[in-house]
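Below you'll find the structure, written out as structure tokens, and then a few comments.
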Amino acid sequence: MLLPLLISGLLFRNADAFLPFFNEDDLKYTFGVDTHAEVPNHEEIDPVPYYHQNGSLHKLEFMAFNKKYNLSLEPTLAKLLSSGVTVVKKNEKKGGSLDFGSTLDSCHYHHYGEKVYAAISNCDGRIKGTVIDDGEIIVVHPFPDHHAHRSKRATENGAHVVYKRETLAGEPKDFCGLDNVVTEESLVEDESAIFEDVFVTGQRLTQQSDLIVELAVFVDENLWRHFSSKHGGMADRKLQDYTLTLLNNIQIMYYQPTASPPLTFRVIRYEVLTRQPSALAGYLHNHGNAQMYLDRFCRYQRNLAVRDWDHAIMLTGYDIHRGAGSRSISGIARLDGMCDPWNTCTLAEGLDFTSAFIGTHELGHSVGMRHDEPYCQSKHIMSSSLGPGKVTWSTCSLRDYHQFLQRLDGRGKNCLRVSNMPNKLEISSNVKPGQIYDANLQCELMHGNGYQQVTPRQDSYDGICYMMWCGQSSFGRIITSHPALEGTFCGPSKWCQLGRCVPWTGTNEIQPTVQHVAPVVTTLPSRIDGSWSGWGATICSQCTCNGILGSVGLAIARRTCSAPYPANGGSDCVGSTSRAVLCSRQCGRASKSVDEYISDKCMEQKRLKNDRELTGKGSQLNRFPQRACKVFCDVQQHYGSQRNYRFFGDNLPDGTSCGYDRYCLDGECLALNCNNNALISRDQSCPTDTCPITDQSSSVYRGQWGTWSLWTSCTATCGGGYRKRNRACSITGQCEGNEDETEVCSSESCPSVLRVGNEWSTWTEWNHCSVSCGRGSQARYRKCLSPHRTLAFDCPEKNIEVRSCDNGPCNAIGVWGTWGGWSTCSTSCGPGTLVRQRTCNREPCDGSAHERRSCNVATCQNDGIWSLWNEWSDCSRVCGKGLRSRSRSCFGSGCMGASSEQQFCNEQACASSSANDWGTWSGWSQCSVSCGAGVKRRTRTCRTGNCPGNYKESAICNDRDCENKNAAWGGWGYWSSCSETCGDGVRKRVRKCYGSGNCDGQQYEKQYCNLRVCDFRRKF
């Protein structure tokens, strides 16, 4: 039976009469804006709710923007909250309260229609939520209570407003703090921060099970203070309702038809920080600097002793920013962070209802979604700018999402398919929480592993109902904790009720004991740990060669984590899904170097994406082992000499050389193992299968086609064009069928176009200043467009403008001390360097703590230059004072000083012994080369006394000549930066010898460079 609360009809009217009375807080609460000028187009409505007899909302009706909405609603609390959710409130003394979600109301609902989707909450009798209708987001929100009397037609439900989510006047377009530039510096400092590009071709995603994000929600002190000042004693309840309302609206966005597969968010921990922990203190992140606060929060949630969630989100009361004077962003997350304990974290402002849209976007980043631009239109959820109609997921987002899930499944570590939750028993009606979770378990849930109840004296045991104490050990630090849960043992035949220790009545309840009590019967499923299947067969006739110089042929076997799949919190399989047996050391038909292969791929990406930033070239990043088997494409350098890259998800072919006796397999660089016969990861044993290794051409083997690539963009938007796709053969030239495929597209007639010739688009907004304070630079951009509004490349002038900017003097936080004095010149004659330092009085400081400048004390009398010292030789004696030496080389002539030096070593007295006893020689090492003159070595140890003779021995090996017919140089690498910023300097480049044998010529090349004449007046 339905009970309609209003019979008066569906009412709507303009609410402008209210607005003059709204202060800044009212505007923020209702519309998420700061000024009256930013208020979007809106209407006042009187929604009509219908309730079941049990009090749950069943249906909602209202009229908005000349359309009637009739929403049938389903409750969602059971989906939003785990049955074992832990609710924690911490105060400044690390105490607080602990609960299991019993106080959370079921006041959140979803509507699923053919074209209309909605997330509605009515926790305080007022309607709040979003309706997604035909590409638009309509927000329903109550007016502030203290303005309700201004409505002449207000009902008992209170006055409500409805408005469309759109770009507001003055609202910053770039609300997201994620930076997706890949620089050479970021590769060096943090390889895990590489941001991959979109349009990655992968296999169709296999939906093995539901995808559930077990979520930990944290609320910081600033947001708690905001709710506390506004709601007083109701702050806890209001904050919980508000948080779940946000998540309810985020959830509906991930349940849309365009989100495939759907993603379910389930809260397993909700923690309010009424006092900010020291690790998150404001001065550590410049009071809301987005990147700094996110970094601190990621470390904080990772280091918590209690951690059983897939992702952590912090709702903050800070107006987060990029730096001094910048308040343009509202959220930030780690790209690809989901399931990575150090990076599975999101920071979002929580002061108004727009947090639901920000959270949706940022959580998308965590599951691999990049910004849509420039490859998809700016009209979807993952657009880098706010705007109307951004309620669906783009093709770019779904490709990123699917590829991310495939990577997780491929590693066997997809946390979204298994639960991290420990086996928590549900609390039945006749068992109280304190009987299921005894005092020790309560301490552990509140503070983490290792914490237990500090047992009080027997005469004061009943005090735990008011305040229970927890500590790490009998000698550890004691922490003021929380009142014990209802039903906790507090003395013989006593338990806690309403904060007091009272006798157990024995009526319909299980008697409390000091021991942990659990129901005998439980519906918890048993834990199933994942286990590897057997290896697939190694088929030597399918030996694959990739046509790249220096590669080897491989026969690959695979396995899956399916015997059984992990379930119910069971652990994943550990290790790799692939291994390979060597079947050819010298693949025939090799026609290109690794860098040539990479450049071909990068040119293909440049053509497919029509991206002028790509140079069409790339090179292997051998200095980063984790990236040596990935295809990185160079991006044009606009400033300085730092190289930038983009990664499009391509791996180098299996068998490609990635170092000395190291080769690629599934994008990983692995060393030859198992007597140089196999590529296996660290956890695997050597395969029993072997293949006859051949050095002949691989043309005797049949190749296999890979999957088709994505279709290219159509060559025309109308009037008939064509598009292409291609596929690769595992053995070049050994597959039947065509490598390329072409089809007609955009065959419809073109409309008449008045514009003639290409023209520039309007300039973008100036981007953010390069520094947070002081003087820096900023840029803006524009695109060259054809009459059909597609990208063109022949517009006159430049597509970028740069200007200086000044963010004002730097604030007191992060002030540099004065510079110290200059050091002495690093050389006594010729070019050298002076260095001086300064100290940051308080972090963070912009700029460098070191400054260098050139010096030249005197002209050297000769042109000789010493090399660096070699390593010290081994000591001549193991005890009793020996000697060791080192040497250096003179480049040129007339170097001043000695070419060698000695020093004493092992000066300790020798143990008394009548015999000097050598141990046996070790076995000979492998020869240092496979052909040509090499060296092998062996060693022995002096067991007693001071043994005469050497402890190591060398011998010549492999003195046969190398065959040079297959040795060939790869292309030269890039020139290094000039060693001097002005005056004469040196730059270098290097190339690699591929194949067997030695290449003729030099591996390294250097040349002099002179960027500009030094201005000594300015320099000194």
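Easy rule for this one: first residue shown is 1, then count along the chain.
Note that Cβ sites are derived from N, Cα and C of the backbone, with glycine treated the same way.
For 1-17, the entry in Swiss-Prot reads signal peptide, with the evidence type sequence analysis.
According to its DSSP assignment, His361 (Zn(2+) binding site) is helical. Positions annotated as Zn(2+) binding site by Swiss-Prot: His361, His365, His371.
Feature annotation from Swiss-Prot assigns active site to Glu362; the stated evidence is sequence analysis.
Taken from Swiss-Prot, the feature domain 'TSP type-1 1' applies to 702-751, supported by sequence analysis. The average per-residue pLDDT of the prediction over the domain 'TSP type-1 1' (702-751) is 72, rounded to a whole number.
The annotation domain 'TSP type-1 6' is assigned in Swiss-Prot to 966-1015 on the grounds of sequence analysis. Secondary structure of the domain 'TSP type-1 6' (966-1015) per DSSP (helix as H, G, I; strand as E, B; remaining residues coil): 0 helix, 18 strand, 32 coil.
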To the nearest whole angstrom, state the Cα distance for the pair His371 (Zn(2+) binding site) and Glu362 (active site). 10
For His361 (Zn(2+) binding site), the number of other Cβ atoms found within 10 Å of its own Cβ: 27
